[in-house]
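Enquirer: Structure incoming, see below.
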């Protein structure tokens with residue numbers, strides 16, 4: 001599995017601000033969008049381009065244009081919505097596919113409770129966004145859904161990832177690409193990433 005820890009100074013700086021314990025909802029939400037945007041910039045660096053001729057102010061001009069690769073952004077509810085706008089800044093014409101997951105209290109396994117996916121996933125690059133890759137369960141289940149619908153090209157964008165989640169994701173879906181602002185130390189006994197960001201969903205939405 002391709003794993004990219006984006007170490008750009010802007011990413012490191014903004015992520016550091018997100019780790020502050022008493023950060024406001026407004027600041028956390030804005031930074032999630034900004035870091036999501038920077039991760040998207042990295043994740044789309046391999047998109048193919050083609051030469052086309054346009055009418056410029058001085059006549060015909062040859063330019064580069066993205067070569068017909070359609071994109072869908074897939075936020076995992078609810079926290080993933082906080083990164084969605086950062087992706088759309090770069091690919092504003094992308095379709096939005098939404099997946100909702102909850103954890104079964106008995107099995108502790110993620111269970112999908114909502115999905116609204118692009119109808120032509122087999123033709124699209126799916127960019128899945130979720131602030132945290134902790135155990136990897138929700139991400140794996142989401143990718144299972146996408147592949148079941150024919151999606152063949154998937155990139156994952158997370159703000160922080162735990163080594164345990166990366167290992168779990170790679171074991172099941174070695175063909176996906178992972179882009180993260182930080183690979184953190186570990187998961188604690190409650191399944192939280194350390195040092196992590198706390199509960200990203202609560203911080204983005206301001207509700208528990």
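Note: Cβ is positioned from N, Cα and C throughout, glycine not excepted.
Marked as 5-phospho-alpha-D-ribose 1-diphosphate binding site by Swiss-Prot on the basis of sequence analysis: 78, 103, 130, 131, 132, 133, 134, 135, 136, 137, 138, 199. If you look up Swiss-Prot, you'll see 193, 198, 199, 200 marked as uracil binding site, on the strength of sequence analysis.
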Enquirer: Just counting, how many other CB atoms are there within 10 A of the CB of residue 200 (uracil binding site)?
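Expert: Result for residue 200 (uracil binding site): 24 other Cβ atoms within 10 Å.
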Enquirer: Given the binding-site residues 136, 198, which one's Cβ is surrounded by the fewest other Cβ atoms within 10 Å?
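Expert: Across 136, 198, these binding-site residues, the one with fewest Cβ atoms within 10 Å is 198.
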Enquirer: Roughly how many Å separate the Cα of residue 130 (5-phospho-alpha-D-ribose 1-diphosphate binding site) from that of residue 198 (uracil binding site), to the nearest whole number?
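Expert: The separation of the Cα atoms works out to 14 Å.
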Enquirer: Want to know which binding-site residues, from 78, 132, 138, are within 10 Å of residue 199 (uracil binding site) at Cα; which are they?
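Expert: Those close enough are 132.
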Enquirer: If you count the C-beta atoms lying within 10 Å of each candidate's C-beta, which of the binding-site residues 132, 134 ends up with the smallest number?
Expert: 134
Enquirer: Do you know offhand how many angstrom separate residue 78 (5-phospho-alpha-D-ribose 1-diphosphate binding site) and residue 200 (uracil binding site) by C-alpha?
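Expert: About 9 Å separate the Cα atoms of these two residues.
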Enquirer: Quick one: Cα separation, residue 136 (5-phospho-alpha-D-ribose 1-diphosphate binding site) versus residue 200 (uracil binding site), in Å?
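Expert: Pair distance, Cα basis, whole Å: 15 Å.
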Enquirer: Over the residue list 78, 103, 130, 131, 132, 133, 134, 135, 136, 137, 138, 199, recorded for 5-phospho-alpha-D-ribose 1-diphosphate, what is the maximum interresidue Cα distance in Å?
Expert: 17
Enquirer: Among 130, 199, the binding-site residues in question, whose Cβ has the most other Cβ atoms within 10 Å in this structure?
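Expert: Going through 130, 199 one by one, the largest Cβ count within 10 Å is at 130.
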Enquirer: Hey, which of the binding-site residues 78, 138, 193 is the loneliest by Cβ count within 10 Å?
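Expert: With the binding-site residues 78, 138, 193, fewest surrounding Cβ atoms within 10 Å: 78.
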Enquirer: Pop the Cα-Cα gap between residue 132 (5-phospho-alpha-D-ribose 1-diphosphate binding site) and residue 198 (uracil binding site) into the table, whole Å please.
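Expert: A Cα-Cα distance of 10 Å.
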Enquirer: Using the CB centroid of 193, 198, 199, 200 as the uracil site centre, which other residues of the same chain sit with their CB within 8 A?
Expert: 131, 132, 192, 196, 197, 201, 202, 203
Enquirer: So, in DSSP terms, is residue 200 (uracil binding site) helix, strand, or coil?
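Expert: DSSP call for residue 200 (uracil binding site): helix.
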Enquirer: Cα within 10 Å of residue 200 (uracil binding site) is the criterion; apply it to the binding-site residues 132, 134, 138 and give the hits in sequence order.
Expert: 132
